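Scroll down for the structure; my scribbles are underneath it.
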């Protein structure tokens, strides 16, 4: 009887740590827990390595700094890198490496950090869309409106605003938004509240989403108008023996760059939409499930890797910078071999 009770207690402790393992047999719980650890560790490695590459490429490729949006992209890369570093916490927790720490404080600090960092990414994407909107609607005054000093001030304000929005979580308002609970206190004691959820949606999610929708809708509307006007002019003034003028996106660097940023923004909201919906449903008391909590949270966190992946596949200047970085690393590796061959010949 005592052994049976001990087994049940052990099973409950494991279930608290592994969100996908509720109502499963003991062996399946261990398998599920191992799957969770593998997913978290894989995402941690991908996020850290991917964003380190992005940061190094930006420092090695001067062409990428021509756009003022590169400052916001680098801010997102640093924020995503810190998300990857903070993901080490749930990995260590699942591996029983955080036993001596206070559960409440640890959980609050980690939830606050992840929420602030993802808020920085969200607000940065909104600022990027505003930057591109100004560049296309006011090309003649863009340089005087968007100066490096103003961009730096804007980035500082992004960090301060994100840090302040989630501060009430330390004042007992509720959970800021992180749901992939691997600590018992996070899962049992720390609950979301409709008031705090509404506060975050009104001050963060809704303004960022509306800004992105408005700016990109107008950007592509203006680009279509410009394309149609230029096509009509070429059709009107070209000689009859010349072939019809074909317009491509490569003719407009601003449009092409806006498409890259639009892809990043679209993937961001696609990956974050399930998380936000679950956040709202749980706060309102309509739905609560550990597996849904875990999956939506880590789907949203995976965006920290998708940003650098999309940027590397879509931006030709970034690819050139990446090739330059890789060739430099290969040259550095060949230097010791050349020295060794020289010494052997000597």
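Glycine residues also receive a Cβ, built from the backbone N, Cα and C atoms like all the rest.
Taking TrEMBL as the reference, the stretch among 151-174, 223-246, 319-342 described by the feature transmembrane segment is residues 151-174.
Per TrEMBL, the range carrying the annotation transmembrane segment out of 117-138, 293-314 is 293-314.
Contact between the transmembrane segment (37-64) and the transmembrane segment (194-219) does not hold: fewer than three of their C-beta pairs are under 8 Å, each pair 6 or more apart in sequence. Counting only same-chain residues 6+ beyond the ends of the transmembrane segment (194-219), those with a CB under 8 A from a CB of the stretch are 119, 122-123, 125-126, 129-130, 132-133, 136-137, 162, 165-166, 168-169, 173-177, 258, 262, 265, 269, 276, 279-280, 283-285.
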